[in-house]
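> Quick one: structure below, then a few questions.
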Amino acid sequence: MLTAHADLSLALDVIGIFAFAVSGGLVGVRARFDLFGIAVLAWITGLGGGIIRDVLLGDVPPRGIHDPWYLGTVLAASVAAVLAQPMLTDLSRRRPRLRVQLIGRAVKYLDAVGLAVFAVSGALKALAWGAPPLACILVGAVTAVGGGALRDVLAGQVPEVLRREVYAVPALIGATVVVVAASMDALTSVVAWAAVVLVLGIRVAAILLDLQVPTAPRQGASP
Amino acid sequence: MLTAHADLSLALDVIGIFAFAVSGGLVGVRARFDLFGIAVLAWITGLGGGIIRDVLLGDVPPRGIHDPWYLGTVLAASVAAVLAQPMLTDLSRRRPRLRVQLIGRAVKYLDAVGLAVFAVSGALKALAWGAPPLACILVGAVTAVGGGALRDVLAGQVPEVLRREVYAVPALIGATVVVVAASMDALTSVVAWAAVVLVLGIRVAAILLDLQVPTAPRQGASP
Amino acid sequence: MLTAHADLSLALDVIGIFAFAVSGGLVGVRARFDLFGIAVLAWITGLGGGIIRDVLLGDVPPRGIHDPWYLGTVLAASVAAVLAQPMLTDLSRRRPRLRVQLIGRAVKYLDAVGLAVFAVSGALKALAWGAPPLACILVGAVTAVGGGALRDVLAGQVPEVLRREVYAVPALIGATVVVVAASMDALTSVVAWAAVVLVLGIRVAAILLDLQVPTAPRQGASP
C-alpha cells in the first residue's frame with residue numbers, strides 16, 4: 001500500500017503544504033510580522049502537521065525537514081506570501097478594513113483545503129505504517145489540524161479548532177472514510193479524492209452557512 | 001516489570017486521563033468555546049501528557065491515539081464536560097460570578113488528581129522502557145504537567161506550572177519516590193499508590209493553604 | 001564522526017543550555033513568576049531545543065532528560081536565575097524601568113549565544129545520526145530557535161523568531177556552513193567554532209544596529 005499510494009500521498013501533501021503555508025504567511029502579514037517572520041510562520045504552518053504526524057508514527061527525521069518536494073513547496077508558498085505582502089499593505093492603505101477581512105477569508109478557505117488533503121494523507125500514511133485503525137483516524141485528524149493550531153498559538157491566537165466553527169469533525173470524517181475503505185479493501189485513489197472532496201465540502205459549507213455548533217448564549221433570555 | 005505493573009499503569013492512566021479531560025472541558029466551557037471546541041480541548045488535555053511521554057520514550061504510535069481504554073475514557077470525559085455545559089451556563093445566568101469561581105476550583109482539584117497519577121504512571125512507564133533513573137523522574141514530571149500546560153497554552157493562558165503555586169515539585173517528588181523504590185527493588189502497587197497519595201496530598205495542601213512560593217513583592221516596602 | 005565530535009558537541013550544548021536557561025529564568029523574573037515558575041521556565045528554555053532535536057532525529061529518550069551534564073548545567077543556570085531575582089527586584093524598586101530594559105537586553109544577548117551554539121550542535125548531531133543534508137540544516141535551525149520559541153509561547157509572548165529582527169537566518173547560515181564543510185570532508189573543530197562565531201556575529205550585529213528586516217509601514221505616507 002505504501003508504494004501504491006506514494007504518488008497520491010505526495011500530491012495530497014504538496015497541496016496541503018502549499019495551502020497551509022500560504023495561510024501561515026497571510027496570518028504573518030496580518031500580524032505585521034517582518035518578511036522573515038512571515039516566511040518562518042509559513043514554514044511552520046505548512047510543515048507542522050506533517051512533522052507531528054511523522055513523529056507520532058516514528059518516521060524520523062520527518063519528511064517535512066528533508067524531502068525536496070516538501071521543502072520546495074513550502075519555499076514557493078512562503079515566497080508567494082512575502083511577495084503578496086506589499087500588495088496587501090498597499091491595499092490596506094487605501095481601504096483600511098478590507099485587508100483584515102480579505103486575509104481572514106483567504107485563511108479560512110486555505111485552511112479548508114489543507115484540512116481536507118491532510119486528513120486523508122495523514123490517514124493514508126498511518127495505514128501504510130501499519131498503525132491500528134483508531135490511530136489512523138486520529139493521526140489523520142491531528143495532521144489536518146496540527147499546522148493551523150501551531151500557527152495560531154505562535155501568532156498569539158486561540159486555535160481555530162477550538163473556536164466557533166465545524167472544524168475537527170470533517171477531518172475525523174475524512175480520515176474515517178479512508179480507514180473504513182482500507183479495511184474493506186476498497187481504498188482506491190478515487191475513494192481518497194472523494195474523501196478529500198467530502199471534507200472540503202463540509203468545511204466550506206460550514207464557512208458559507210456560518211454553520212455554527214451550538215454554544216452557550218452570551219445573554220440569558222427571559223427565564 | 002512491564003507486565004507486573006501493566007494493570008496498575010492502566011488504572012492510573014485512566015484516572016488521569018479522565019481528570020485532565022474533564023478539566024480541559026471545563027476550561028473550554030469557561031472560555032465559551034462551542035461544544036466541539038470543548039470536546040477537542042478535553043481530548044488534548046486528557047491525552048496530551050501521555051502522548052508527550054510516549055514520544056519521549058519512543059513508544060509510537062502513542063497509546064493515547066489507539067488504546068481503546070484511553071480513547072473510551074477521554075470520550076466519556078468529554079461527553080461529561082459537554083453535558084455539564086448547559087447546567088453551568090444556566091447556573092451562571094442566575095449567579096454570574098459563581099460559574100467562573102466554581103470552574104476555577106474544579107479545574108484545580110482535577111489537575112491535582114491528574115498530576116498525582118500521571119507523575120507515578122509516567123515514571124512507571126519510563127522504568128518499564130528501561131530509561132535511566134533521572135530520565136524516569138523527568139518523564140514522570142513531564143507526563144504530569146504536559147496535558148495541563150497544553151490546555152492552558154491553547155486556551156491562551158500562561159500555564160499553571162509557571163504560575164503562583166506549588167505544582168511541579170510534588171510531581172517530581174512522586175516520580176522520585178517511584179524511581180527510588182524501583183532501584184531498591186521495593187516497587188509494589190502499594191508504594192505506587194502511596195506516591196500518588198503523597199503528590200495529591202502536597203498539591204491539595206498547597207491549594208487549601210494557598211501555600212505560595214515566595215515571589216517578588218509588587219510594591220516596594222519602605223527602604 | 002559521532003565519536004570525534006562528541007566532546008565538541010557536549011561543550012556547545014552545555015554553553016547553549018546555560019545561556020538559554022538563564023534567558024528563560026530572566027523572562028520568568030520579568031513576568032513576575034514565583035521561584036519555581038522561574039526555574040521551570042529556565043529548564044524548558046534550556047533543554048527545549050535539544051529535546052525537539054532529539055525527537056526529530058529519533059534519539060529517545062532525549063539526552064536533555066537524562067544526561068548528567070545537561071541536567072547539571074540547567075540546574076546551575078536555574079539556580080543562578082533564582083538567585084538573581086531578589087537583586088533584580090531590588091534594583092527595580094529603586095529604578096522602576098531599568099529592570100525591564102536590563103532583562104530585555106540580557107535575554108537578547110543570551111539568546112544570541114544559545115542560537116549560535118545550538119545551530120552548530122544541532123547540525124553536528126544530525127550529521128552524526130546520518131540525516132540527509134537538508135534535514136541537518138533544518139534540524140540545526142530548529143534546535144537553535146526551539147527553546148526560545150517554547151519560552152516565549154509559555155510566557156504568553158509572540159516568539160522572537162517571528163518578530164522584528166534577524167533571527168532564524170543566522171541559524172540557517174551557521175548550520176549550512178557545518179553541513180557544507182562536512183560534505184567537503186573539511187569539518188574540524190575550528191570550522192565548527194568559526195560557524196558559531198559567524199552566527200553570533202551576525203546576530204549581535206543585528207541587535208546592535210537594530211538591523212530590521214523590511215516590514216510594512218504602520219502609517220501610510222502620502223499617496
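Cβ atoms are placed via backbone N, Cα and C, with glycine included.
Caution: TrEMBL annotation is automatic and unverified by curators.
Below are the features I grabbed from TrEMBL:
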TRANSMEM  B:6-28  transmembrane segment
DOMAIN    B:11-84  domain 'Glycine transporter'
TRANSMEM  B:35-56  transmembrane segment
TRANSMEM  B:68-88  transmembrane segment
TRANSMEM  B:109-128  transmembrane segment
DOMAIN    B:109-181  domain 'Glycine transporter'
TRANSMEM  B:134-154  transmembrane segment
TRANSMEM  B:166-184  transmembrane segment
TRANSMEM  B:190-209  transmembrane segment
> Looking at the domain 'Glycine transporter' (B:109-181) alone, can you tell me the average pLDDT?
93
> Work out, from DSSP, the number of helix, strand and coil residues along the domain 'Glycine transporter' (B:11-84).
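Taking each residue of the domain 'Glycine transporter' (B:11-84) in turn, the totals are 63 helix, 0 strand, 11 coil.
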> Where DSSP helix means H, G or I and strand means E or B, what are the helix, strand and coil counts for the domain 'Glycine transporter' (B:109-181)?
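Within the domain 'Glycine transporter' (B:109-181) the tally stands at 59 helix, 1 strand, 13 coil.
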